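If you check TrEMBL, you get these features:
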- ASP101: active site (ACT_SITE)
- ASP288: active site (ACT_SITE)
- CYS114-CYS120: disulfide bond (DISULFID)
- 83-500: domain 'Peptidase A1' (DOMAIN)
- 313-353: domain 'Saposin B-type' (DOMAIN)
- 373-414: domain 'Saposin B-type' (DOMAIN)
- 1-26: signal peptide (SIGNAL)
Amino acid sequence: MGNKILLKAFCLWALTCFLLPASSNGLVRIGLKKRHMDLQTIKAARIARQEGKAGVGASSMVHDLGSSGGDIIPLKNYLDSQYLGEIGIGSPPQNFTVIFDTGSSNLWVPSSKCYFSIACYFHSKYKSSWSSTYTKNGNFCEIHYGSGSISGFFSQDNVQVGDLVVKDQVFVEATKEGSLSFILGKFDGILGLGFQEISVGNVVPLWYNMVQQDLLDDEVFSFWLNRNPEAKEGGELVLGGVDPKHFKGKHTFVPVTKKGYWEITMGDFLIGSHSTGLCEGGCAAIVDSGTSLLAGPTPIITEINHAIGAEGRVSAECKEVVSHYGDLIWELIISGVKPSKVCSQLGLCLFNGTSGIESVVEKEHKEKSSAGNDLPCTACQMLVIWAQNQLREKETKETAISYLDKLCESLPSPMGGSSIDCNSISTMPDITFTIGDKPFSLTPEQYILKTGEGVAQVCVSGFMALDVPPPRGPLWILGDVFMGVYHTIFDYGNLEVGFAEAA
């Protein structure tokens, strides 16, 4: 008799477990679709970046987000974002394809009240009248990105992510989308997974509400991005934990150094086995699922371009500085002058004593700075870094200056995505990031993006230049190129980020 009761109880328990949704254990899986890159999209992304950077000098690379009280790096245009997922807004849910973006904190989708932006006619639009759980807010909102902005108004409704329903989430109904990215992009909106410190309007992010409404067992989410171009499964975002099948070995965890973005400190950066020296004392790095490429300081990206044979833009200003000041730069460094003061002693930059070097032109015309005004100063700063590396390699002055002149021909395009000879990939060096005192390497096959097949195949560098001045910079962006190789855990509870080799 007792055995029969136990058997019935076991069967009832098993049936209950079977019928419960996957999210009942606090773990929610969001399947990600991977969009294949094509040449048209790559070119459009370059144009979008160029439009976004027009008139933006180094001093204005970090913008304030109004009432958000935070900074945003105008790098993204989302046009070349490859990993997309679905959410539902309202009751019954209206479905939208979004980018799950750790580099921003707001949720926005196109509004049915978007009448005058072409982009809105190519994407799903939220209709508040269709939802029984909609609550009016109406406050105006504008979010700036590198290649344009979206504007609209705040609304409140339930948001379904996987099997979870977040109640009363404030989001943006976009009524204006002023960018090529939003017209050609395969996504409807953006779901930010960053911190509230960079949330426009100080809106409580969706992730925060998931935690506060006790929808998850653990305050953790993780990304697995499938880099296999032949695979049907694009990847997976796991909310509330991790899937052991997505990684190998143990994660290396490093603390979040500044809330806003998921910002960490990165150590030395190697091209092959050679140190670049720039980040030996530590560089800030943002782990950003909403950015496809890897972005870093121009001097390092230039050295990478030179090493992998990427097409650059020959800089007359750079070569002129080498010709006129190469010997002096070398002698000043050898004589013991602090690298941060070399260019000021040459009269190309001013040293302001706090944030380091400031362009003479920028000092005189601070309110009218433009992209080209501080090129001699910028060129000098790059040459100082490269000269230091040559000294470290114990090269002669003549060899070093010749190398500096060649590097001027490898300056990265401001549009990003330099073209590569596909036949030379096997000869390219590994690129290594140092995180938590451990090396994280990328092979050429991992950092080169390919599109097309056979004679039509095009190869593009996964690196682009981003210059942010001190004290905020130098700054790196670790986008999908990095996250595809290394499974990434975002631990909100312990404020840390973990990396392990992706399975």
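Cβ from N, Cα, C; glycine included.
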Going by a 10 angstroms cut-off between Cβ atoms, which of the active-site residues ASP101, ASP288 has the sparsest surroundings? ASP101
Can you tell which of the recorded positions CYS114, CYS120, ASP288 lies nearest to ASP101 (active site) in space, using Cα positions? ASP288
Any idea what the Cα distance is from ASP288 (active site) over to CYS120 (disulfide bond), rounded to a whole Å? 25
Model confidence for the domain 'Peptidase A1' (83-500), as mean pLDDT, reads 86
Long-range Cβ environment of CYS120 (disulfide bond), under 8 Å and at least 6 residues apart: PRO110, SER111, CYS114, ALA174, THR175, GLU177
